[in-house]
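Enquirer: Quick one: the structure is below, questions incoming.
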Amino acid sequence: MKVLTKKNIMILIAIVITYVVVQVLISTGIIDSFYEITIATICINIILAVSLNLVTGFTGQFSLGHAGFMSIGAYVCAIINLQMNSTTGLLIGIVSGAISAAVVGIIIGIPTLRLKGDYLAIATLGMAEIIRVIFLNMEITNGAAGLNGIPRFTNWLWLFFFTTASILLINNFINSSQGRACISIREDEIAAEAMGINTTRYKVMAFAVGAFFAGVAGALYSSYFYFIKPNIFGFQKSVDILVIVVLGGMGSVTGSVIAAILLAVLTTFLQSYSEVRMIVYALLLVVIMLFRPQGLMGTKEISDMFKFGKKSSKVK
Amino acid sequence: MEQFLQQMVNGISLGSIYALIALGYTMVYGIIKLINFAHGDVYMIGAYVGFAVTTYANLGFFPALIISMASCAVLGIVVERIAYKPLRNSSRIAVLITAIGVSLLLEYVMMFFVGAEVRSYPKLLSDKAINLGNIVINMQQVYIVVTSVVLMIILQFIVNKTKIGKSMRAVSADKDAAQLMGIKVDKTISFTFAIGSALAGAGGVLVGIYYNSIDPLMGVMPGLKAFVAAVFGGIGSIPGAMIGGLSIGVMETLVSGYGNSMYRDAAVFAFLIIILILKPSGLLGKNTKEKV
């Protein structure tokens, strides 16, 4: 197993260049604080979309409750961070937020992932609503008013680190044998089962990994925007994430990244017309489904187009 | 005991509205296997049509109800023709995502035109209270239950006794076979959407009167709850949707009455998850075997 293949070195260089360029632009003030928010939104949305893509795009389990896991990460991180006002606190917050989200994902996933298709969608939606109502009624989360004044240690370095780490880890998961098992469940669940794949186990695994990274995204959100309330994480948020995944292509990690960037830029331009933004989102969903149901990228990755590696090992 | 009966009265009037909306879900699901997310928003538009007709044209309750039902029926057909018909052979997830898109589109187009603010509904029915011992029944509640029951009887008549109802049942049992028997499948599906949406429109007007306030996002929660009702009763089954609607309505008022009203919505969804896990086919639904 060679780690320093040509492809990996190229990816590393690309990561470093992206980081340095944006960092320079921020420190020279070309990207002002307004656009910095857009960049933070892009990073958080990328993590959310890539993790939802693992569940919906790669494993084929339609989930409408991703915002629920995000809210768990956000609240756990915010509460820890309010107690421990330091970067260590933030780090502990992010890790424990992500782990709590994953644990809840497993607890919810084991019963609900026996359901299929639309029923699963509606069950996950219901679950996210239950999580929201619980946060709305808890003492420690300060109810509907939410938590305010969460210390803000997150900056471009944190966001970038967690975004790239999430993309790389999820990408590695997809290309591992577990990931292959997940893809086979999407292709044909009965055939996968006949081949000896424990479908429930891999579905729950994908769900837990997805929830874990949604928790990371939520934690970053609470730290960067220093204010959270339960209504931020409603059905609307789950749909927002779904739009990114669908637009980018279900089953394409780079598609999700591209779509997250495109939509965040679009949102920035439509900032002052929030109703128009939602109309555009809704139209996008319908039009994509009518004319290009596979999304921008389909199940292709950007590296398939440039042919970095010698042979493409995509599962159709 | 009195409090319990009072809650039951409130629950039944709320539940009959849920039942009206649930009927649309269940009929559409029965015929094209689609959770029509936009259904809750058709109900919202029904409420707005009723509002416009009564406020600007000064019409009474019955003309408002009929106009609202008719416009919702047209809206249902248009949505089906534009958004769902081209996707009839696509994957279920693609159609479901389209339905979510249509739902958002209806919500935010309405918000764009009428504004996001809550409007108060004109008082169309007398809200005289009838006292039965210590139980108070509002005249509005009587109207709501009576209107719902009448509409459901008409629906049962259409589905079971008319020719179009027969073709609806045939398409829902087996679409391809129905087509081979000379049934116009597209026309039947459109008709199903029209009837379902008309019932949602009626539900919208009734809710507007009952709660006295409407806003462009009012359809989201009742829409989801009506879907829960349809699943509970057994999706695809019309009597099931009625029973499901009433049960969800009663359950919701009991939770708010005896527990914490903040947990009302959570209770409904927890109930949904429990049903889906224990008896996915619902109360009156048929079990379908999985074929390879």
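Along the chain as shown, the residues are counted starting at 1.
Using the three backbone atoms N, Cα and C, a Cβ is placed for every residue, glycine included.
These figures come from a predicted structure and were not determined experimentally.
Taken from TrEMBL, the feature transmembrane segment applies to A:9-31, A:37-55, A:67-84, A:90-110, A:117-136, A:156-174, A:204-227, A:239-266, A:278-297.
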Enquirer: At least three Cβ pairs under 8 Å linking the transmembrane segment (A:117-136) and the transmembrane segment (A:67-84), pairs spaced 6 or more in sequence?
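Expert: Counting Cβ pairs under 8 Å (6 or more apart in sequence), the transmembrane segment (A:117-136) reaches the transmembrane segment (A:67-84), since there are 3 or more.
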Enquirer: Any chance the transmembrane segment (A:204-227) and the transmembrane segment (A:156-174) are in contact, meaning at least three CB pairs closer than 8 A with a sequence separation of 6+?
Expert: yes
Enquirer: Please identify the stretch among A:9-31, A:90-110, A:156-174, A:239-266, A:278-297 with the greatest number of Cβ pairs below 8 Å relative to the transmembrane segment (A:37-55).
Expert: A:239-266
Enquirer: With CB pairs under 8 Å as the measure, which of the listed stretches A:9-31, A:90-110, A:156-174, A:239-266 comes out on top against the transmembrane segment (A:278-297)?
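Expert: It is A:239-266, which has the most Cβ pairs under 8 Å.
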Enquirer: Counting only residues 6 or more past its boundaries, what in the same chain has a CB within less than 8 Å of a CB in the transmembrane segment (A:156-174)?
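Expert: 15, 18-19, 22-23, 26, 36, 39-40, 43-44, 46-47, 50-51, 53-54, 58, 90, 94, 182-183, 209, 213, 216-217, 220, 223-224, 253, 257.
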Enquirer: Against which stretches of its own chain does the transmembrane segment (A:9-31) lie, if we need a Cβ under 8 Å and a gap of at least six residues from its ends?
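Expert: Non-local partners: 39, 156-157, 160, 164, 308.
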